[in-house]
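Lifted from TrEMBL, the feature list:
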type	residues	note
DOMAIN	64-504	domain 'Amidase'
COILED	88-115	coiled coil
ACT_SITE	Lys126	active site, charge relay system
ACT_SITE	Ser201	active site, charge relay system
ACT_SITE	Ser225	active site, acyl-ester intermediate
Amino acid sequence: MTKFVYCFFRVVRTCLEILSCMIFRLISKWTPRKSLPPISNLLLLESATSLAAKIRDRKVTSQEVVAAFIDRIKEINPILNCVVETRFDEALKEAEALDCELRNTSKDNETLAKETPFLGVPFSMKECFQVKGLHQTSGLYGRRDIVAEEDADVVRLLKKAGCILVCTTNVPELCMWWETSNTIYGRTNNPYNPMCIVGGSSGGEACLQSACGSPFGVGSDIGGSIRMPAFFNGIFGHKGSVGLISNRGQMPAAVGSLEKMLATGPLCKHAADLRPSLKIMAAENATLVDLDKKVKPENMRIFYIEDDGGSCFTTPVQHELRAAMRAVVSHLQLTHRVTAKKLQLKELRNILPMYLAMMGSEKQAPKFSQEMVMRKGSLCLWWESVKWLLGQSHHTFPALALSALEKVTSDDDPRAVELLKQAGALREKLKEILGDDGVLLFQSHPTVAPYHCQPLFRFFNFCYTALFNLAYLPVTQCPLGLSKAGLPLGVQIVANDKNDHLCLSLAEELEKSFGGWVCPSVVE
C-alpha cells in the first residue's frame, strides 16, 4: 500500500511539474523583463571587512559608505521590493557621529579593529527580528501595527561592534514558506530575473545583499531559510552549530527541542565576511567553535551526495547543478590531491516525514494555525479558504496550505515515534561519517530559482536544506557562478557540529576557484 501511495505521489508530482513548467515559461516569455540599474559607486561591491578597514584608515567616511548603500536601496527597491522599513535619516546621523568620534579618538587601528570590528559599516536585518522602534510583523497581517520595544540579541551585538542598521527586509507569512511574499508588503523579486523567486524565509535579505543594497545582513534558518535564499540569490549564507548564536528576539520563536533546529546567521556577498560576522554575533559563544582556524582542503576528508536518492516528494536534480558539484569534486581531486568519496544514503528518501515529525514533536510549541491568529482562538480554515478564493483573506495560500497540512497530521500518530528514531539514527550516522575532519558536499536545491508561484507545484523541495536542520549540523551555502539562464548555481558545505571552521575554509577556497558571487548589475 505504501509503495502504491509513493508511486501515485510521484506520478502526480511529475505531471504537475511538467504542466507548471510549460505555463510559467509561457508567462515569462511574454512578460517584459526589468533590469537592475548599473553600479557606479564601487564601494557597493566591497566586503564589509574591506569597508571597515577603509573607515578605520580614514580612506572613506562611514557617512559616505552609508549614503552609498541608501542611494542603492532607493534605486533597486522599486524593482525588487526587498526592503520593507528604513531608518535612513537615523543611520546617516549615526554615521556622522561615528566619523566625528573617529577623528577625535586616541585609539589605534588595531584596538579599533578588536573592539569594533565593523565600525561604521551599514547592515540590514530580516524583519522577523526585533529592532527597537521598527515594525516586527513577520509577514503576518495581524501584526502589522506591532513595533519592537527592544533589540534582538544579535542586533544589540552588531550595534556594539560598530555596525549601523539601515533597514529591515521582507519575509513570507510567519517565515514558513520558501517564496517571500505576504499580504502586508507584497512579493520580492529575484535580482537576476525579477520573474523568479528569492527563496524564503530570509528572501528579502538575500536579495538585498546580492543587489548590492547592503554589505551584509542577518537571517534565520529552521528548514533552509538562510541557505535557500542565499542559493537563489548567488551569495554566501551560514547556518551555524547548535547554540552558537542567540535566537532570542525573533518571531516566531523556537520552543524547546525546536531551538536546536533554528539557527541565526549571516548572509553576504563575500566569504571573507562570514568569520568576522559570526564572531560578532556569537559573542561569548564563539569559544564553542574555533572560527579563526583555517584548514586546507588537502587536510579534509571530502564526501559528496548528488541527490536525495530519488525521493517521490522532490524534483529530480537539474543537470547543471549536478555538473557544478562534479566540477567542485574534480577541482578538489586535481588541485588539492584529495580523494572525494561519493555517498548514497537511502534514509534521505524520508527527509520529509522525518522533518515533519521533528517539527511537530514539541508539545509546548504553539500550532502554526494558532500563530496565524496570534494565539487568540483558532483559525477557521474552511472560512479563510473561502475568503482567499474571493480575494478577501489577509493570509497567503502557502500559509493556509501549511495550516491544512498541520490539521491532517495527527499529534498521536504512532509512526511519528518511529520517524523521530529514524531522524536520530540518521543524525548519528552523519556525525560518525564526518568526524572532526570531514566535509560533505550536498545540493543546495534540486533546481535553480523557479518562477514566482512555482514552489506551489514543488512544495517539498525544501527538504534538501531541511535535512541539516534535523541533523543539527553547520552548513555554508557557497555560490558557484551562473546557469545558462543566468541564475545562480551553488552547493552546501556541511561539517560536524562545532566544526563550522571546515565549512568556512572550504567556502573560501571555492570562492577563489569558482569566482563566488556574480554581480547581477552592470558595473560602470
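The backbone N, Cα and C atoms fix where each Cβ goes, and this holds for glycine too.
Remote same-chain partners of the coiled coil (88-115), defined as residues 6 or more beyond its termini with a Cβ less than 8 Å from a stretch Cβ, comprise 52-53, 55-58, 61-63, 65-67, 70, 122, 162, 164-167. Here the residue listed as 'active site, acyl-ester intermediate' is positioned 11 angstrom away from Lys126 (active site, charge relay system), judged by their C-alpha atoms. Cβ neighbour counts within 10 Å, taken over all protein chains shown, single out Ser225 as the most crowded of the active-site residues Lys126, Ser201, Ser225.
Taken as a whole, the domain 'Amidase' (64-504) shows an average pLDDT of 97 in this prediction. Under the DSSP three-state reduction, Ser201 (active site, charge relay system) is assigned to coil, being neither helix nor strand. When the alpha carbons of Ser225 (active site, acyl-ester intermediate) and Ser201 (active site, charge relay system) are compared, the span between them is 5 angstrom.
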